[in-house]
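Input: a single structure, listed below in structure tokens.
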């Protein structure tokens, strides 16, 4: 990796890739009407003026459009990726040359990853962020865990239970040695965080229940125009993209096992079926299991499916969904991958420590493990996000939905003083995000008459559904 060494505040793989990145950003802007509409709406108004935003979210071409939207709205932005493999190096370079501090490159070590997260939380002169755009909750967690260890430095003695926690604690110890009240000062200045993904939202609610949340949060993930589009339709396209770029495998005729049938699992199951695979679903939730069965998918347990599958995809947000014992039983040449946020859905660490398997790297983010009996499996992206580790993530259009929500959430947090808690954007904004994307794909909306609106008890201009409505 070539580290750029100039007066600019960044660390990327290769700054010479900036021109390539800019060309792709220009293309992406045409596919992201929501973000471009927000730029036009607030042109000259700078609703985020004075804000300091730390972004911990995949540093892709689409994210570059989000970053430049936040900057155009007046924010001071620093950015890192939320996954060691998800950065598109040309996107990072293109943003870095504009003067936005970026700390991201594809293939970071865990130590480098947490160093990058540390950099985005430091705006100089003792200042931290007052807003965070988070994906998975790592930037939020660094502040909250740092706050806890400042109250109880004996936590450093434990040092973390796995490689990732050890890398995080090493950064926190370094910061503590420099300033033992750093995170108390940062937390006191925070206006809030907007969280992108299911896993990060679970973390927020868990911290709220334990009384550990230190600042307000907006749950962007559960906006309908995020979860029912990014999670579902985004995964429907990007999963197959990741698998095919990594393996060149023919999906038709294979047995694909999709673990989990939430919004992400639904997109993945339909993706694999659309390519001609026979799809088996595993689920813990009876409602989701019934949905899968009613869609025509076989629903069974992993213990039953493990000997049938040729492709295994975890989508659950839970840990140890595919165990070492499962991988020992898989058919020869099985492909194993994850599209949930963290790498602990698959027991990759126990697999790497297992003496009965040998590891051979085929190419970046593709590893072959051969077991004692001679059968092998292919692990993609080291069990991390396959669509970003082995491909380029979701298409621009669907990410425009998600990132429009993120931008609106940042404006909402900056302009208003929320109590500590986890909030959602109102239905009217959800509908507005959808409305901004209709013209791009040729949609013509029917308009209610006043009499029709009165008859069903809604305003002519919406919102059209109650808050509890399930789309």
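Glycine residues also receive a Cβ, built from the backbone N, Cα and C atoms like all the rest.
Worth saying up front: this structure is predicted, and the values here are computed from it rather than measured.
The feature substrate binding site is assigned by Swiss-Prot to 60, 135, 196, 226, 230, with sequence analysis given as support. Within the same chain, residues at least 6 positions away in sequence whose Cβ sits under 8 Å from that of residue 135 (substrate binding site) are 56, 57, 58, 82, 195, 196, 197, 200, 341.
Per Swiss-Prot, the feature NAD(+) binding site maps to 197-199, 231, 260-265, 283, 318, 339-341, 387; the stated evidence is sequence analysis.
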One of the binding-site residues 260, 264, 283 has its Cα closest to the Cα of residue 230 (substrate binding site), namely 264
Judged by other C-beta atoms within 10 Å of its C-beta, the most isolated of the binding-site residues 264, 339 is 264
Counting distance between Cα atoms, which of the binding-site residues 260, 262, 339 is nearest residue 60 (substrate binding site)?
-> 339
Whole-number Å distance between the CA of residue 283 (NAD(+) binding site) and the CA of residue 226 (substrate binding site)?
-> 22
Simplified to three states, DSSP reports residue 339 (NAD(+) binding site) as coil
Round to a whole number and give the Cα-to-Cα distance in Å for the pair residue 264 (NAD(+) binding site) and residue 226 (substrate binding site).
-> 11
